[in-house]
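So TrEMBL has the following annotated:
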type: BINDING; residues: A:83, A:85, A:87; note: Mg(2+) binding site
type: BINDING; residues: A:84, A:101, A:108; note: Zn(2+) binding site
type: DOMAIN; residues: A:36-110; note: domain 'Phosphoribosyl-AMP cyclohydrolase'
């Protein structure tokens, strides 16, 4: 077994879904807040592990998505975790710029269910027009 | 619009996938730890909201899965959140018994990537044979 094969072994432990993807949850390493969930393919998980920054797979663009490539808000990986049945990845990350969401909010989970309605519960930190120039 | 229709409105805001499911992340309300990810269909999300305890959809059993129905380790819901594009749910929960994982561990995310291998990083709190009698 070559060194590259040994390194890639952890990718074989992942239960990729029928689209060869795995859901990846990004959690802020310091605050513990869950910031977003996106998807990874084999290449993006390998790159995330080797580069130390989150790389997802954009299902809409069908391409690798280096988080922060446009916004600058990269996610430095502190821990990579896999769940019991190998079909979900958890990333403990440092969110550069403090903004994970494309709406300019710190977290994507800003809709809170209250009285049977999703209420916006987090402020916009930076106007997306200023982020995605 | 009837009261029931008004109550069900929040379910229509969810972007259900091609299997009519949405991924649901369970996070411990107090510690902030991410405990597990499972799936919900429309009925399970409605029941989770109305009953105040997490109800998932078991893809393997193709049936509603009231978390804790066998183990007793129910998840009392403190907050229900939806992400920016409506395709992921986040539950802030109190984990009864302190065990979320069917392996008897507190969290399902007990594999930590170290030196290109997934290492078990959490102890078994209770033997699954004692949990699932």
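Each Cβ is built from the backbone N, Cα and C atoms, and glycine gets one as well.
Heads up, TrEMBL stuff is auto-annotated, nobody curated it.
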If I restrict to non-local contacts, at least six residues apart, and a C-beta distance under 8 angstroms, what lies near residue A:83 (Mg(2+) binding site) in its own chain?
A:89, A:90
Among the binding-site residues listed here (A:84, A:101, A:108), identify the one with the smallest other-Cβ count within 10 Å.
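Least crowded of the binding-site residues A:84, A:101, A:108, by Cβ count within 10 Å, is A:84.
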What is the number of other Cβ atoms found within 10 Å of the Cβ of residue A:85 (Mg(2+) binding site)?
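Step by step: centre on the Cβ of residue A:85 (Mg(2+) binding site), count other Cβ atoms within 10 Å, giving 13.
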Could you give the number of helix, strand and coil residues in the domain 'Phosphoribosyl-AMP cyclohydrolase' (A:36-110) as assigned by DSSP?
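Each residue of the domain 'Phosphoribosyl-AMP cyclohydrolase' (A:36-110) counted once, the result is 13 helix, 29 strand, 33 coil.
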In whole Å, note down how far the CA of residue A:108 (Zn(2+) binding site) lies from the CA of residue A:85 (Mg(2+) binding site).
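So the alpha carbons of residue A:85 (Mg(2+) binding site) and residue A:108 (Zn(2+) binding site) sit roughly 26 Å from each other.
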Long-range same-chain neighbours of residue A:87 (Mg(2+) binding site), Cβ under 8 Å, sequence gap at least 6?
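In sequence order, A:14, A:15, A:17, A:22, A:23 meet the Cβ cut-off.
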